[in-house]
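Chemist: Attaching a single structure in structure tokens format; questions to follow.
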Amino acid sequence: MDIVRMGSVASGGGSVRRTASSWRGTSGRSDAFGRSVREEDDEEALKWAAIEKLPTYDRMRKGILTAGGVEEVDIGGLGLQERRNLIERLVRTAEEDNERFLLKLRDRMERVGIDNPTIEVRFENLSIDAEAYVGNRGIPTFTNFFSNKIMDVLSAMRIVSSGKRPISILHDISGIIRPGRMSLLLGPPGSGKTSLLLALAGKLDSTLKVSGRVTYNGHDMDEFVPQRTSAYIGQHDLHIGEMTVRETLAFSARCQGVGTRYDMLTELSRREKEASIKPDPDIDVYMKAISVEGQESVVTDYILKILGLEICADTMVGDAMIRGISGGQKKRVTTGEMLVGPAKALFMDEISTGLDSSTTYQIVNSLRQSVHILGGTALIALLQPAPETYDLFDDIVLLSEGQIVYQGPRENILEFFEAMGFKCPERKGVADFLQEVTSRKDQHQYWCRRDEPYRYISVNDFSEAFKEFHVGRNLGSELRVPFDRTRNHPAALTTSRYGISKMELTKACFSREWLLMKRNSFVYIFKILQLIILGSIGMTVFLRTKMHRRSVEDGAIFLGAMFLGLVTHLFNGFAELAMSIAKLPIFYKQRDLLFYPSWAYALPTWVLKIPISFLECAVWICMTYYVMGFDPNIERFFRHYVLLVLISQMASGLFRLLAALGREMVVADTFGSFAQLILLVLGGFLISRENIKKWWIWGYWSSPLMYAQNAIAVNEFLGHSWNKVVDPTQSNDTLGVQVLKVRGIFVDANWYWIGVGALLGYIMLFNILFILFLEWLDPLGKGQAVVSEEELREKHVNRTGENVELLTLGTDSQNSPSDANAGRGEITGADTRKRGMVLPFTPLSITFDNIRYSVDMPQEMKDKGVTEDRLLLLKGVSGAFRPGVLTALMGVSGAGKTTLMDVLAGRKTGGYIEGDISISGYPKKQETFARIAGYCEQNDIHSPHVTVYESLLYSAWLRLPSEVDSEARKMFVEEVMELVELTSLRGALVGLPGVNGLSTEQRKRLTIAVELVANPSIIFMDEPTSGLDARAAAIVMRTVRNTVDTGRTVVCTIHQPSIDIFEAFDELFLMKRGGEEIYVGPLGHNSCHLINYFEGIQGVRKIKDGYNPATWMLEVTTLAQEDILGINFAEVYRNSDLYQRNKTLISELSTPPPGSTDLHFPTQFSQPFFTQCMACLWKQHKSYWRNPSYTATRIFFTTVIALIFGTIFLNLGKKINKRLDLFNSLGSMYAAVLFIGIQNGQTVQPIVDVERTVFYREKAAGMYSALPYAFAQVLIEIPHIFLQTVVYGLIVYSLIGFDWTVEKFFWYMFFMFFTFMYFTFYGMMAVAMTPNSDIAAIVSTAFYCIWNIFAGFLIPRPRIPIWWRWYSWACPVAWTLYGLVASQYGDITNSTLEDGEVVQDYIRRYFGFRHDYLGYVATAVVGFAALFAFVFAFSIKVFNFQRR
């Protein structure tokens, strides 16, 4: 950004030390130093004169460093320490020195008459519209999924309209973002802030309808490259977890290049030379360093300093699997990533989320200095700016419902609203006021015309009134005069597409990929270990002493061994899929910001994986080639090796391509399975060439595996070992040729080279397509926004002010489930407060005395010399929380707020707790306490695929006493929804946080409601307002206040509240770092009690007028302040009257009131076991029905595979005249079982993983025991698997043409059903036994490979060496194939094979399958399903991977 324009010489500058004149000021020094200073000056002048004489190119790359002597340096060779020292001299502390530094940059430019390039951004009559499904059509259910897909196809063909409704995002807005001024973008959620920023940055989604124009300095977007002229900083922090903060910023700086800085510095240097001006040496070195390519690190160091990231510069960014920097630091990295570039206009979207107010203030202040001094352009959207941050801005843009309500100087905005009849209260932040004043629900409280009754002023009214207001009139007249294009600085707009040359881009991407491969080395080591294990199993199963060369059947076993090698390397490439998809979001972000083209990203990912293929294949072939007894000719050995390397590279290329095509794990997984299936089935091993139908023969000729298999078979069977004729009476062909002919493989030796050529062709093709798909495709959109009728109506009313009732006439009343209740809620709302809730509850207090909590000392602290065994986190904390009193639990990070709350609520899973906790005078018992307490966690964890109403009904069903009947329960849920303002969202899908469904603030309210429907007496809330904007925080606090007013005991931890939120609390429990309390007591009116207490302590600074007491209180009680004042605030509190008062209160509340009894419940859970099972099953049913990406995709995938199999193996079930026919039939069964089974096992894992997180919360809340949850999760799969089996079984059985007898059909369906079932349960079991679905996937995949070997297809059980035969009995897939083959062919005695052997005898001899054992086989298959389900349930009950 411009901050780097501070950085940008173009933009003006380099890191500066004092200008030449001010830098030396020797006059004031004593003569003792005079001589050495003069000598230094002379030396410097001589060196400078020498640099001046150099040609321009060299002059730009030489500078003078003055740290401890004068030294000429080569700019390209600055070391890390030299750079750090330079930045340290220029900007010692960002808060104090940054402004001075930037002024020096500007002064140097201005002294020789060079202006900084500036950009004025205008938008005129800008409108943006989207299309979305409204009401029930938008909810993704099983049926909607299919009907919407069909409608999309038909509407694309212009046959019908799609049924989507237009929704306006921005409506005819105009304005100017001026250079040199800081503009703040404010507006409630959904007002269109992000869309406006994206439109101005030229990054809008192509599916939106946009009208109007956006210009930079009068130039339209197509006249320059907006993505590089401006920088858009988004809300989402997408970074590669394995890179450090410094590496992330340095890579970004390297890709974005130096812009026009170099040309401007050349011009600056020329003018200074002509005018004989000598610049400040440090400034000169900095400006040269940030203008010469290859020295990005100087810019990086400067930005790290400005953003306060130096402390974590060399820490990994981290992700879900790697521990890294904090959320607030990640947010700053996202900002820094764009600031290191030369962009001159900044559009920043909610850059303060997760930051405390002082950090936000410092970052915005640095941006402000840059914008003011270097003439940058900045429009910044902030969520909840503190008053001091708000005051840093010059202009305010206020959006509401897609219209501009105000745009102009900050000083005039309150004047405008007062003219409209609204006044900001004294103790209210202006930014908070502005976000609420346009909202229909909040507006009335700010009405200030006492002589007139309040009337609702709509957004349209505000917008029209602003055009008549003097600020609006000036803006209008300015917009009517076009920008004078002659004023445009030639360096202002960027016209080159990328920041550096193609060669440099390639180098940058190569070095990053190499770094990531080193960081991810464990993945490659793990893959090699996996290959060693599989190789060991393979070579001991196909051991050469058991591998004979006597007959064609022996040849088939060798083919199985070769096929195992090919398939292993094919599957080994599957890891590329997940690794590529994980990096795609970051790739799309950087591609769209024009960091690099797609080919520069794709080349390193391909080229650097080639050595890994060589290594993996070398490990495999060295282990298996001679041990398995392949032809011992060294040339054939190397040919075999080359083929494996090519297969490995082909597989990697294919899976990378599928990742780029699928772009999402579930979709790409499905594509990956399809691809593997087609490759394998049509590769010539499962079904031979002559049996492939003519409509599928193209698949055979286009399968890379066919070429690989032909080449590898020809290489082996035309070798010396197979060069013998077994039975001249039958055939003169050698044994090798006979094997090839029987399996339908070409016998020409040239097929080896044809195979090599084809594989090389595929490698090139897949990698080129990978590059093209990366270039052409955009990331998959988020789940379509689902808009309810209510929301649409609400938007319309807010915008126009029309009466709601008028609107209902024209709408389809059946569309939304909540329409019927909308009116009812409005009426009951008013009188609910008066009469209390439908269900009574007992108000209870909670007291705790001298609570100490400790954990085992972490090993790293012991390594640093700490001798204690335990680390104390809470040091004797005492307090009391009472009914009807709202208590805030506050303190700096690390004070132990959440720890105390977890201890009181009984949520800790480890550690040591001491002290007394009592509930209304009786000792706390966790079993009964869970029934009367609610806990709202900071992370809003809910099942994503149920609606708001269903979430609440489910919670009430399981947590209210069993005496409460269904009708009362529903009434109570309605009341709670009214209380927390969720009535209009009752039919909305909850969704996943940050992906789809409810907004953050709506999720917070749902979390509160889910606890409230349990009718608790005590509620704990962990940070209920974090991450919310001012208006959303106010709504949540209103919810909390309503809850307290019903007479409940409520405690909230809270982080940096605004004044009005802070003063909504009755009492404060303030803790300091280390787990001690320093103030426990009432706040008082305008926080007077709190202020008086701290101001009464000697040395504590007084609070300024209008300053936030919460911020002041945290500032004056820091550890640094304690050191300055020489006091301990915890000691001061323990010696105060307040402490004595609290101790008295605790002892009063710790004695039971006369006539009271202790809490007692006859059972641990409020509902009996059967009801728990029913409720869990009800929720699972709803979840599965509304999760078509899982359930519908599975049926779709199964149907397509069934049709493919059916048509490939058409009518082969009837052909049993040759051994090959039996192999083809077996091939169809083996492929189906393995592929659909593995697909089931893989896709169920993320579903169970998400639900398990919800299970941890619900179990801790005492809703149910682990078994009903596991029971429901197992049971809900059965009907879905049954439907899958019916679809698959009917299609395949009829098309392949198996024998249509009741018994055989029944057995086929039976084995398929239980096989799909045990695969699904196996996937679920792997999740239950591991911490997350990533590890579960690795664990389960390892077994799939082993099951593949022992399934009985690659090598039949009788041929498996005796030491491995036991495992074939423990392999579930072997039992399935036993059942399928024995039931279809094990009883055929009236048909013989080509050599006269009866089918039944052949099946028994070759495979070891007997028809009369079917009962045992069936029992075994059912047993595996039951075993996996049992282990799943057991693991869910026993293992808890949640650490608190």
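Cβ atoms here come from the backbone N, Cα and C positions, even for glycine.
Here's the feature list from Swiss-Prot:
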BINDING   Gly187, Pro188, Pro189, Gly190, Ser191, Gly192, Lys193, Thr194  ATP 1 binding site
COMPBIAS  19-29  compositional bias 'Polar residues'
DOMAIN    154-426  domain 'ABC transporter 1'
DOMAIN    846-1098  domain 'ABC transporter 2'
DOMAIN    1171-1385  domain 'ABC transmembrane type-2 2'
REGION    1-36  region 'Disordered'
TRANSMEM  522-542  transmembrane segment
TRANSMEM  555-575  transmembrane segment
TRANSMEM  610-630  transmembrane segment
TRANSMEM  642-662  transmembrane segment
TRANSMEM  667-687  transmembrane segment
TRANSMEM  754-774  transmembrane segment
TRANSMEM  1192-1212  transmembrane segment
TRANSMEM  1220-1240  transmembrane segment
TRANSMEM  1305-1325  transmembrane segment
TRANSMEM  1335-1355  transmembrane segment
TRANSMEM  1362-1382  transmembrane segment
TRANSMEM  1414-1434  transmembrane segment
Chemist: Taking only the residues in the domain 'ABC transporter 1' (154-426), give me the average pLDDT of this model.
Modeler: 91
Chemist: From the centroid of the CB atoms of Gly187, Pro188, Pro189, Gly190, Ser191, Gly192, Lys193, Thr194, the recorded ATP 1 site, which same-chain residues not already listed sit within 8 A by their CB, in sequence order?
Modeler: Leu399, Ser400
Chemist: Where else in the chain does the transmembrane segment (642-662) make close Cβ contacts, counting only residues six or more beyond its ends and a cut-off under 8 Å?
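Modeler: Apart from its flanks, the transmembrane segment (642-662) reaches 565-566, 569-577, 580-581, 584, 602, 605-606, 609-610, 613-614, 616-617, 620-621, 668-672, 675, 704-705, 708, 711-712, 715, 755-756, 759-760, 762-763, 766-767, 769-770, 773-774, 777.
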Chemist: Using DSSP reduced to three states, classify Lys193 (ATP 1 binding site) as helix, strand or coil.
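Modeler: Once the DSSP labels are grouped into three classes, Lys193 (ATP 1 binding site) ends up as helix.
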Chemist: Thinking of Cβ pairs under 8 Å, which stretch from 522-542, 667-687, 1305-1325, 1362-1382 has the most of them with the transmembrane segment (1414-1434)?
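Modeler: That would be 1305-1325.
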Chemist: Under DSSP, is Gly187 (ATP 1 binding site) part of a helix or a strand, or is it coil?
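Modeler: DSSP call for Gly187 (ATP 1 binding site): coil, neither helix nor strand.
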Chemist: Non-local Cβ contacts of Gly190 (ATP 1 binding site) (under 8 Å, 6 or more apart, same chain)?
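Modeler: Lys795, Ser999 - these are the non-local Cβ neighbours of Gly190 (ATP 1 binding site), listed in sequence order.
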Chemist: Should anything in the same chain at least six residues away from the transmembrane segment (754-774) have a Cβ under 8 Å from its Cβ atoms, list it; otherwise answer none.
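Modeler: Apart from its flanks, the transmembrane segment (754-774) reaches 587, 591, 598-599, 601-603, 606, 642-643, 646-647, 649-650, 653-654, 656-657, 660-661, 704, 707-708, 710-712, 714.
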Chemist: So if I measure Cβ to Cβ from Gly187 (ATP 1 binding site) and keep only same-chain residues at least 6 apart in sequence, which ones fall under 8 Å?
Modeler: Lys193, Ala381, Leu398, Leu399, Ser400, Gln435
Chemist: What else in the chain is close to the transmembrane segment (1362-1382), if you only count residues 6 or more beyond its ends and a Cβ gap under 8 Å?
Modeler: 537, 540-541, 1225-1226, 1229-1230, 1233-1234, 1237, 1307-1308, 1310-1312, 1314-1315, 1318, 1322, 1346-1348, 1350-1353, 1403, 1407, 1409-1411, 1413-1414, 1417-1418, 1420-1421, 1424
Chemist: So which residues does the transmembrane segment (1305-1325) touch in its own chain, when a touch means Cβ under 8 Å and the partner is 6 or more beyond its ends?
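Modeler: Same-chain contacts beyond the ends: 1232-1233, 1236-1238, 1240-1245, 1248, 1273-1274, 1277-1278, 1281-1282, 1284-1286, 1288-1289, 1293, 1298, 1336, 1340, 1343, 1372-1373, 1376, 1379-1380, 1383-1384, 1414, 1418, 1421-1422, 1424-1425, 1428-1429, 1431-1432, 1435.
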Chemist: Kindly say whether the transmembrane segment (667-687) and the transmembrane segment (1192-1212) touch, using the definition of 3 or more Cβ pairs under 8 Å where each pair is 6 or more positions apart.
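Modeler: Taking Cβ pairs at least 6 residues apart, the transmembrane segment (1192-1212) and the transmembrane segment (667-687) are in contact, with 3 or more under 8 Å.
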Chemist: Can you work out which residues elsewhere in the same chain, 6+ from the ends of the transmembrane segment (555-575), have a Cβ less than 8 Å from its Cβ atoms?
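Modeler: Contacts with the transmembrane segment (555-575): 523, 527, 530-531, 534, 538, 542, 547, 549, 616-617, 620-621, 624, 628, 630, 644, 647-648, 650-652, 654-655, 672, 676, 679-680, 685, 705, 708-709, 712-713, 716-717, 722, 735-736, 738-739, 742-743, 1341, 1345, 1348-1349, 1353-1355, 1359.
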Chemist: So which residues does the transmembrane segment (1192-1212) touch in its own chain, when a touch means Cβ under 8 Å and the partner is 6 or more beyond its ends?
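Modeler: Beyond its ends, the transmembrane segment (1192-1212) has Cβ neighbours at 142, 145-146, 666, 670, 673-674, 677-678, 681-682, 687, 691-693, 695-696, 699, 1221, 1224-1225, 1227-1228, 1231-1232, 1235-1236, 1239-1240, 1243, 1280, 1283-1284, 1287-1288, 1291-1292, 1294-1297.
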